[in-house]
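Please see the structure below; I have some questions.
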Amino acid sequence: MEMGSGNNEKAGILTRGWRWMKDLPKNSFAKGVEIARQTKKIGQDDPRRVIHSLKLGLALTLVSLFYYFQPLYKNFGVSAMWAVMTVVVVFEFSVGATIGKGLNRGLATFIAGALGVGAHYLASMTGKVGEPIFIGLFVFLQAAVTTFIRFFPKVKARYDYGLVIFILTFSLVSISGFRTDEILDLAHKRLSTILVGASTCVIVSIFVCPVWAGEDLHNLVADHLEKLGNFLEGFGEEYFAGSVETEFKDNKSFLVGYKSVLNSKTTEENQANLARWEPGHGKFMYLHPWEQYLKIGALTRKCACRIEALNSYLNSEIKAPEEVFQRVQEICTIMSKESGQALKELSLAIRTMTKPSSPNRHIVNSTTAAQNLESLLKSGSWEDINLRRLISVAAVASLLIDIVISVEDIAESVTELATLAKFQSPELNVPESKIPSNAGISTKQLQVQDCPRVIISINLTPATDEVHQSQFQDSNQEAKQNVQV
């Protein structure tokens, strides 16, 4: 019996092994196809990732010249490896991250190297017996103090990598100096190669298809406002879809877009920290108010939390009577749509870096609707309706009122950002092709203010010919028909 069971077990192992070998080509091909599909998806989601990989290869090739050319290798020797290591650990996806890491590594190496040399000098004055004791004491004190400093939130956010390099460099320089008399030459070569590696990273990162963390933060905040605006624009009609046919019936993607806003705090804070390292570029000058983006982001998440609660009532099992829907439908729809349009206008203002104008009109409309809704809810016209069936509509109305308040706060923060960042005022140019060249008209750029229309004043020099006057009148009428805001 034992021999029979042993033979069966061996036969089972052989069978499984044969099946595995038989299926190996097919499984390998399927795995390769899956890897290729993931690779294509990653590249299509953000093509900058492919460019970043090529940039890292370029930077690493440049610093490898220390080994390719004999004159450079003679000057630095084995210490040239620190330049290669610096490129590998410093080069990051965005310019801000690369500059931040490069400066952290360079300054930390310089300061720690200088202190390490000083510690070695002081320890050497105590004699051969006391030197290792004092070096160990210095290493212990700097490591303990520096590690504790890393727990400070602001320090950890911007200088954590530099503190780690400080601990490493101080320990290496001070301890290595105990076994060699060429400590200054060692510190000089290490610092020089690290500076060369960090400089190469920064130059390649800035001048070869740069990726700016500040620009990513700018677009991210604008995208979040647009997602909230899309939800609110369609919520009113979606909520009352039982009584009205809506254009959003088949397309429900706008109902889930806001969810990415809820967990965006860490991403926004990281990008803001990296943006502070970046030099002025494009429309983002030095000392750009990145903190204001965090304020707008916090208000946006607060609004998104209320939208999350609002979304839960779309599929609620408790439905209000049709007569209740008819009373609040128009007001709730106006509040939701106007708030959504205001958020989308604010998103467009941030994206184009122009001062917001038309959102004020949408906010006024939504605030007026909210006041009307509050008056309706406080009226005594709900006594004949079942309270349990009225709760859901009252909750939706209350959340919409809170969202209108949140939109007002966001609008104030965006206006403050526009002031601090010196956003441009939206301008409207009168097409010169619509104005006769012989009419003597001087045109100026006109600023669009918070008004539904723009009044255009045209200065006409006296015409001596009636034909000229008729040409101007026809052209003026045509311009009035075409120029609207």
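For all residues, glycine too, the Cβ spot is worked out from N, Cα and C.
Copying in the features that TrEMBL gives for the protein in this structure:
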- 50-70: transmembrane segment (TRANSMEM)
- 76-95: transmembrane segment (TRANSMEM)
- 107-127: transmembrane segment (TRANSMEM)
- 133-152: transmembrane segment (TRANSMEM)
- 159-179: transmembrane segment (TRANSMEM)
- 191-213: transmembrane segment (TRANSMEM)
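I'm curious about the neighbourhood of these features; can you describe it?
Same-chain neighbours of the transmembrane segment (76-95): 48-49, 52, 55-56, 59-60, 63-64, 66-67, 101-102, 105, 186, 189-190, 192-194, 196-198, 200-202, 204-206, 210-213, 216, 274, 277-278, counting only residues six or more beyond its ends whose CB sits under 8 Å from a CB of the stretch.
Distant neighbours of the transmembrane segment (107-127): 133-135, 138-139, 142, 162-163, 165-174, 177-178, 183-184, 187, 190-191, 194; these residues of the same chain sit at least 6 beyond its ends, with a Cβ under 8 Å from one of its Cβ atoms.
Outside the transmembrane segment (159-179) by six or more residues, the chain places 100-101, 103-105, 107-109, 111-113, 115-117, 119-120, 123, 131-132, 135, 138-139, 142-143, 146-147, 149-150, 186-187, 190 with a CB less than 8 A from a CB of the stretch.
Outside the transmembrane segment (191-213) by six or more residues, the chain places 48, 51-52, 55, 58-59, 62-63, 66, 76, 79-87, 90-99, 101-103, 105-106, 109-110, 113, 271, 274-275, 278-279, 281-282, 284 with a CB less than 8 A from a CB of the stretch.
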Give residue numbers and ranges for long-range contacts of the transmembrane segment (133-152): same chain, 6 or more residues beyond its ends, CB-CB under 8 A.
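Non-local partners: 115, 119-120, 122-123, 126, 160, 163-164, 166-167, 170-171, 174-175, 178.
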